[in-house]
């Protein structure tokens with residue numbers, strides 16, 4: 001994806017002295033292009049670190065995003081600096097051999113980035129269409145094979161000119177020009193852009209249709225399933241509970257509905273984020289892949305060098321703006337970016353070993369002053385959950401529950417308003433260990449052993465995970 005230098009159109013067989021450098025223009029271009037390159041390098045490194053440092057982002061979908069960031073990082077760190085120098089000087093200063101290698105690496109990285117977006121679009125289609133079956137369809141092994149195919153195909157498309165599939169090179173080594181051999185131009189344009197673009201658009205059209213249909217069905221199911229007084233859908237399944245056959249069927253149906261709603265909501269969010277990425281990709285790369293074939297097949301209609309350079313750098317811009325898109329459209333990435341920038345990776349890894357803590361509080365009348373900040377979830381005659389806060393991905397809930405009688409391990413007072421706080425880090429299906437105890441410890445033999453009640457909870461609010 002290398003453009004003609006200023007004198008490349010002259011088929012000269014002699015080496016011209018390099019033109020003088022305009023100092024003011026060189027400084028201006030150096031600041032602009034240098035800032036763009038630095039932003040692209042740091043931004044893509046930030047994407048990679050955000051996924052690497054957060055275990056909840058270790059999924060096949062996020063590995064695809066890391067692959068995209070790796071391709072963009074290679075482009076911004078190994079190709080763009082030489083492109084910027086070429087632009088500033090106005091001639092190629094690194095020799096013929098390096099020109100050919102540089103052009104091949106350019107095509108390799110750009111094609112890998114575009115094909116990576118293609119794989120992501122297929123992944124989102126599967127995630128939205130089959131949210132419950134997605135983990136069995138998209139496994140880590142299959143994801144790795146898909147990424148290997150991306151890089152293998154990109155390599156095949158990029159190495160053609162290195163083996164002679166190009167027009168004769170000019171003898172002037174200060175000229176590094178795009179490969180305008182019509183056969184290769186058609187092959188690379190189809191393989192690098194138009195075929196992936198077609199797949200991407202088809203997949204996202206399917207995603208839009210499925211998401212619209214599923215949203216309508218799931219939202220109507222949510223409205224009929226919850227009572228008028230509840231603002232949050234809550235499913236609690238006590239382990240070893242004795243219920244009738246109809247109750248088991250009803251509980252399973254409600255659980256299946258809640259899990260499907262939760263998973264679909266997450267996949268829909270990811271599809272929206274990556275839809276923005278794809279939209280920016282089309283806007284950035286389409287001008288270049290329109291200009292390049294026109295210049296190759298219709299020389300009389302060749303665009304001006306200025307138009308070509310704008311289209312050329314617009315394509316490069318795509319590799320620098322993806323790190324902006326993620327935090328702006330995804331709360332998940334925004335928090336991950338903030339943690340990395342605050343150097344909280346190590347701290348989060350250490351704290352992830354203790355995903356649940358509890359503290360004892362006074363009875364519920366103490367919380368009456370905070371009532372306006374609470375979300376009450378009535379779940380039974382003896383139990384009530386209160387949502388206290390939700391910060392940095394951690395949901396804090398308070399449960400008020402009467403303790404069971406006759407417990408062999410019971411060494412605490414049976415206070416019907418005993419309260420504990422559960423800090424839950426997961427945003428999806430939650431298993432919460434609620435430790436219940438009194439506000440004042442007893443002096444029994446085993447007073448340090450809390451009474452444990454295990455609940456499996458799935459939480460969602462208006463179809464969104466908590």
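Glycine is no exception: its Cβ is also placed from the backbone N, Cα and C atoms.
Quick look at what Swiss-Prot lists:
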CARBOHYD  7  N-linked glycosylation site
CARBOHYD  13  N-linked glycosylation site
CARBOHYD  22  N-linked glycosylation site
LIPID     345  S-palmitoyl cysteine
MOD_RES   215  phosphoserine
MOTIF     334-349  motif 'Nuclear localization signal'
TOPO_DOM  1-27  topological domain 'Extracellular'
TOPO_DOM  52-64  topological domain 'Cytoplasmic'
TOPO_DOM  89-99  topological domain 'Extracellular'
TOPO_DOM  123-143  topological domain 'Cytoplasmic'
TOPO_DOM  168-181  topological domain 'Extracellular'
TOPO_DOM  206-273  topological domain 'Cytoplasmic'
TOPO_DOM  298-305  topological domain 'Extracellular'
TOPO_DOM  330-466  topological domain 'Cytoplasmic'
Confidence summary (mean pLDDT) of the topological domain 'Extracellular' (89-99): 89
DSSP residue counts for the topological domain 'Cytoplasmic' (52-64), split into helix, strand and coil: 9 helix, 0 strand, 4 coil
Composition by DSSP (helix, strand, coil) of residues within the topological domain 'Cytoplasmic' (123-143): 15 helix, 0 strand, 6 coil
Structural state census, the topological domain 'Extracellular' (89-99) (DSSP three-state): 5 helix, 0 strand, 6 coil
DSSP residue counts for the topological domain 'Extracellular' (168-181), split into helix, strand and coil: 0 helix, 0 strand, 14 coil
Mapped DSSP class for residue 22 (N-linked glycosylation site), helix or strand or coil: coil
